[in-house]
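Visitor: Supplied in structure tokens, the structure appears directly below.
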Amino acid sequence: MLADVRLSTGHAGVLLAERRGSYPLIDLRILKTSTQQGEVESGTRRKVKRLLSFQRYCHNSRLLRGLVPHTPGSLHLLDDDYLGQAAHMLSKVGTWNFDIFLFDRLTNGNSLVTLMCHLFNVYGLIHHFQLDMVKLHRFLGMVQEDYHSQNPYHNAVHAADVTQAMYCYLKEPKLAEQLSPLDVFLGLMAAAAHDVDHPGVNQPFLIKTRHHLASSTRYTANTSVLESHHWRSTVGMLRESGLLSHLPPNMSQDMEQQLGSLILATDISRQNEFLITFKEHLDNQDLDLQLASHRHFMLQIALKCADICNPCRVWELSRQWSERVCEEFYRQGDLERKFELEISPLCNQQADSVPAIQIGFISYIVEPLFEEWLRFTERSLLTQTMMTHLHKNKARWSLLQYTHASERQTHSQAEEPGPEGGGRRGEDIPNCDLDSWGVLSSFSEWGRGV
Ligand SMILES: [Zn+2]
């Protein structure tokens, strides 16, 4: 009974592993009126429910693995040319312009597993921790599969992208010389699993739709609902795969706890808390990377940087991530509109444009963190490259936002011509003010952890 393993409490009082699967994503039935709630379930609905239950069973059952024909992601479907190109890409996995979208296509959707296996080999982690290759593959396969491929942004490619960025940061001279194999292992594992089973909506949405992940019995005001779920799911998969079962219990428990601390640090609402501590360390010049606790803090910061580094990538890659994340926001907004809920900040496609969201994100979240990272790395070549991309991308979004705002104004003037007629170009510029769309204040509130 593999499924039951996920529910085991492991060592009493230490940590409850999470039941894997955030499905059903959203139980929309609770949003319907009370009269509808009282309706007898129709035959069709019952059939659909049975079908969904079966799909969920197939999705999760490891016993069925290999029995389902044409399993998506099978490397056997690829021809040698593709694998050769993927292998060639891996030889340059430490370069900042690594195209994770291309790599994912070349590996037939197996970018996360392939990348992690490669990096574990590069660092000799399999030998160092005496890992069983079958168990490692099994664990990584579970993690990759439990990302939702239908999410435009929070899917396994994002996890692979964050892992690749994390690898680049672990190689920074300031860090690389000090990191232990355990630090590297935890850093890569946390990056790969940090968003696993993400439902594609944010925490406030889960709370207002009374999703089981945010149920009142486990939720308090300061709980990072999603991040806790990502961590507990990871622990569940670690225990189910038995990847660390050969290690002394106190060591595997410590690894689980450290993974939790790293994954929980990715909660964007805790941005200021980390930023203030990071600044203090840099101002006081008191970071001592000989200390395990300081190295752990820097792994948290590195993971946070890796998680939000999209605007620091070359424009072509950066733009794709921007469009994906906004598409995910808009889908949530569409659901909220459909069920007459208040539309969350940044989720209103009519009001929150992609350029405006990106400029807010860069200004309030990305720039403040990466400016400190620049100080920490002592203006390393990689960080300078990232900052150059960041500033160029911000300028490009500003230009696009200006165009977008001008088009909006032209459009509204065409529909409702004012007494003064069309405004001159110079008069349009104040309408580019982001705060008029509430985007900056939304990010500002995120940053304050509101
Ligand atoms: Zn993420």
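A Cβ is built for glycine as well, from the same backbone N, Cα and C atoms used for every other residue.
From TrEMBL, here are the annotated features:
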ACT_SITE  H154  active site, proton donor
BINDING   H154, N155, A156, V157, H158, D195, D307, Q358  AMP binding site
BINDING   H158, H194, D195, D307  Zn(2+) 1 binding site
BINDING   D195  Zn(2+) 2 binding site
DOMAIN    78-404  domain 'PDEase'
REGION    407-430  region 'Disordered'
Visitor: If you count, for each of the binding-site residues D195, D307, the other Cβ atoms lying within 10 Å of its Cβ, which residue has the minimum?
Guide: D307
Visitor: Which site among H154, H158, H194 has the most other CB atoms no more than 10 Å from its CB, taking these as recorded positions?
Guide: H194
Visitor: Helix, strand or coil by DSSP: which one applies to D307 (AMP binding site)?
Guide: helix
Visitor: In whole Å, how far is D195 (AMP binding site) from H154 (active site, proton donor) when you measure between their Cα atoms?
Guide: 7
Visitor: Can you tell which of N155, Q358 has the most other C-beta atoms within 10 Å, given these are the binding-site residues?
Guide: Q358
Visitor: Measuring Cα to Cα, tell me the gap between Q358 (AMP binding site) and H194 (Zn(2+) 1 binding site) in whole angstrom.
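Guide: Rounded to the nearest whole number, the Cα-Cα distance is 22 Å.
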Visitor: Should we count any of the binding-site residues N155, A156, V157, Q358 as near ligand 1, judged by a CB under 6 A from one of its atoms, and which?
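Guide: Near the molecule: none at all.
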Visitor: Using a 10 Å cut-off between Cα atoms, which of these binding-site residues sit near H194 (Zn(2+) 1 binding site): N155, V157, D307?
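Guide: So the list reads D307.
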Visitor: I'd like the Cβ neighbour count for A156 (AMP binding site), meaning other Cβ atoms within 10 Å of its Cβ, all protein chains included.
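Guide: Around A156 (AMP binding site), other Cβ atoms within 10 Å: 25.
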